[in-house]
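Taking it in order: structure first as structure tokens, then the write-up.
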Ligand SMILES: *Cc1c(COP(=O)(O)O)cnc(C)c1O
């Protein structure tokens with residue numbers, strides 16, 4: 001007897017469209033009825049090389065045939081190699097691998113608190129920002145500045161006062177003897193693609209250095225080429241003390257990382273760990289992804305597609321009387337004149353014969369997170385589909 005495959009046994013966590021995806025290739029997905037979708041969400045900026053890229057399939061197959069898991073209590077080659085490469089590209093010294101972005105941020109928070117205990121007289125507060133997003137564990141939800149999250153699952157983890165992005169005085173005003181670090185996304189993603197300005201990043205680096213505080217950048221969404229530079233903070237010419245990665249690093253497999261300057265690394269045996277940290281199967285994929293993205297020609301491709309996307313969105317702004325477009329690299333947003341984001345997202349899915357996947361992180365905003373190797377034709381096709389949708393909604 002065959003039993004129909006239904007979602008009935010999945011725990012309810014969100015409204016999900018009545019679509020079941022079965023296959024993906026590059027920028028395209030196919031559902032179980034055979035309909036194709038152009039994907040400008042890519043697992044939330046996760047599939048940096050698109051769906052099922054050959055590099056990932058090869059790395060997975062080769063590593064799966066050699067070694068899948070040995071526990072972080074032992075060394076393995078892919079983890080050591082990927083750590084070396086990440087250190088080299090970031091200018092940071094040490095790497096701790098995780099499975100998710102939230103877990104990398106938890107590690108960053110623990111490292112900063114431990115450092116504060118050892119070097120700053122027990123200082124533990126980490127200044128974060130209104131509307132920021134750092135993950136869904138209790139501590140990272142507390143660090144996040146998402147409206148409403150301060151009371152959801154109360155009580156919060158204490159120690160995360162909130163400043164305003166791009167307002168250096170709001171940061172300075174929160175510094176006390178208890179402050180140990182400032183943590184931010186170089187481009188706020190879930191808030192609606194809001195870049196920290198060059199001047200703000202420079203001022204923040206200066207302020208934290210002068211006051212003896214750690215600067216932590218959460219590059220879970222903005223890192224790994226998403227914003228044209230390998231890491232978005234490099235656009236403002238600063239070096240952080242701690243950086244976290246996730247999403248695009250694994251290109252679709254669960255892999256995150258916590259990177260830090262040597263002087264900050266103060267974990268003692270037993271302070272930090274986890275069953276899957278530095279799993280060879282995941283780090284082998286991370287290596288294949290990083291090898292591809294870090295190529296200068298690949299970063300130049302991201303730049304070219306980003307310029308094409310930005311110019312195309314700007315044309316739509318003018319043609320349809322929208323508010324504007326913004327972003328860095330291939331993390332972009334279109335600001336709409338009203339709260340029609342969700343409406344456009346669902347109409348985009350329903351387009352025929354081919355659908356389009358978009359995301360609306362805010363009611364009046366569309367976000368674009370295509371594969372970093374998206375083609376010129378695919379960007380053009382997305383813009384044409386969006387043009388048609390905007391004409392209908394407007
Ligand atoms: C997605 C995201 C996270 C959380 O990553 P998970 O892998 O979902 O835990 C943290 N910070 C930022 C900036 C993100 O975009």
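Cβ coordinates are placed from backbone N, Cα and C, and glycine is handled just like the others.
What you see is a predicted model, and the numbers here were worked out from it, not measured in a lab.
Per TrEMBL, these features apply:
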BINDING   101, 102, 133, 218, 219, 220, 221, 275  pyridoxal 5'-phosphate binding site
BINDING   136  N(2)-acetyl-L-ornithine binding site
MOD_RES   247  N6-(pyridoxal phosphate)lysine
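In the three-state DSSP classification, residue 102 (pyridoxal 5'-phosphate binding site) falls within a helix. Among the recorded positions 136, 247, the residue whose Cβ has the fewest other Cβ atoms within 10 Å is 136. Cβ-based crowding with a 10 Å cutoff singles out 220 as the top-ranked of the binding-site residues 102, 220. Fewest other C-beta atoms within 10 Å: among the binding-site residues 218, 219, 221, 275, that description fits 275. Under 6 Å, Cβ to nearest atom of ligand 1: this is the test, and of the binding-site residues 219, 220, 275 it is passed by 220.
Around residue 101 (pyridoxal 5'-phosphate binding site), the same-chain residues at least 6 positions away in sequence with a Cβ under 8 Å from its Cβ are 135, 218, 220, 221, 244, 245, 246, 247, 256. Other Cβ atoms within 10 Å of the Cβ of residue 133 (pyridoxal 5'-phosphate binding site) number 26 in total over all chains.
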